[in-house]
């Protein structure tokens with residue numbers, strides 16, 4: 001059976017659940033309140049995973065435009081698989097509300113941190129900006145422009161070492177763009193809007209301007225374009241002049257100021273791209289986070305020993321890896337991924353993986369191992385290793401096949417709850433958007449695992465299949 005016929009992607013598991021969220025989650029306290037929504041802390045009843053739930057009132061989404069924003073946000077999140085973009089797990093709805101289950105971030109908004117600190121040191125600012133820019137480079141490479149970047153849309157997740165993991169959120173006004181396309185709808189928050197957005201003729205580089213405004217605020221504690229009214233702020237932006245002199249800027253390096261002038265460049269053609277921002281000398285000059293070499297080596301070993309060849313094994317690991325691994329393990333995996341992702345674009349090329357393995361083995365052995373990794377781990381056939389693919393191939397597989405995790409994963413496929421997985425149920429989970437895959441493929445998938453030949457997969461047969469990955 002050709003295992004490459006079916007392409008696996010993390011978005012296959014982001015689904016609208018048909019039951020009530022209360023069946024799956026226990027409700028906790030309120031984390032925040034917005035104009036149209038409320039965010040609550042929730043705990044998954046079976047896995048005890050702590051997450052956040054955004055409750056959006058349908059009555060507040062009174063216009064078609066707001067309903068479209070909600071649908072757009074779900075669709076965009078399904079396309080974004082990056083360590084610094086907030087993760088969406090699943091969503092529900094009833095007569096009154098939509099309920100979106102998302103990653104919980106424990107450190108609040110970057111906006112609150114700016115108010116608390118006043119301004120950031122260059123080292124702190126570069127640490128935060130590098131993560132934001134990596135997310136934006138990934139989005140732009142995926143032909144998605146955010147259009148509302150601001151400190152309120154950057155959440156901080158505090159790690160056990162006291163560092164911040166940044167998560168870019170609120171992709172409701174994001175737009176899929178095509179090369180050389182000029183966009184003309186006015187979206188965003190005035191303080192952070194690029195002049196060309198105000199003129200309604202812009203491209204993805206409007207995000208770079210917004211990030212330049214964020215960096216300016218991080219370094220000085222002040223916005224570059226100010227005014228007592230919206231009209232005054234708009235006039236200031238269109239004028240395009242800002243201060244990099246005076247008391248606030250005396251201790252800021254020339255490299256930082258150079259980067260700011262290139263991000264807040266009025267002429268869009270001359271403004272840096274996300275890739276060029278990350279390559280700027282200022283980021284190279286700052287000392288980046290220390291990497292635990294042992295953690296990285298452990299994950300590289302796991303990646304090299306990944307042996308899940310059956311699509312159902314891979315799909316099960318994808319579900320477990322995206323929904324059930326501990327926060328501590330996720331942070332270790334993120335660290336290893338970022339160490340390998342030398343250009344910071346949020347995906348691993350064969351060359352990047354090879355360069356990493358060459359540090360630990362001779363060139364020829366490294367080349368053979370990396371080819372094996374590409375063949376097995378690139379499950380969606382993109383020619384690169386995505387973040388989720390890296391996680392499922394590098395995570396601790398003994399923990400992944402614990403009984404309660406396998407039980408939960410089995411239930412994802414056993415849609416009617418009769419204790420067996422049928423051919424139809426596998427199709428529903430793995431192939432709803434697929435056409436042209438013949439019937440024999442699905443029957444072969446069952447036959448590989450179905451020991452007693454009854455044409456379906458029992459829980460015991462499912463567990464036996466999964467235990468093979470650690471043997």
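Heads up, residue numbers simply count up from 1 along the chain you see.
Cβ from N, Cα, C; glycine included.
Per TrEMBL, the feature ATP binding site maps to 54. Taken from TrEMBL, the feature domain 'Protein kinase' applies to 25-283. Per TrEMBL, the feature domain 'EF-hand' maps to 328-363, 365-400, 401-436, 437-471.
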Around the Cβ of the residue listed as 'ATP binding site', the count of other Cβ atoms that are within 10 Å: 22
Non-local residues, at least 6 beyond the ends, that sit with Cβ under 8 Å of the domain 'EF-hand' (401-436): 6, 8, 12-13, 46-47, 311-312, 315-316, 319-320, 324, 442-443, 445-446, 455-459, 462-463, 466-467, 469-470
Residue 54 (ATP binding site) - helix vs strand vs coil (DSSP): strand
Surrounding residues of the domain 'EF-hand' (328-363) on its own chain - C-beta under 8 Å, 6+ positions past either end: 81-84, 130, 133-135, 137-138, 141, 159-160, 165, 275, 278, 289, 291-292, 295-297, 299-300, 304, 369-371, 373-374, 382-387, 390-391, 394-396, 399
Distal contacts, the domain 'EF-hand' (365-400) - CB-CB under 8 A, six or more residues away: 4, 7-10, 81-83, 299-300, 302-304, 306-309, 314, 317-318, 320-322, 324-326, 329-330, 333, 336-337, 346-350, 353-354, 357-358, 469-470
DSSP helix/strand/coil residue counts for the domain 'EF-hand' (401-436): 19 helix, 2 strand, 15 coil
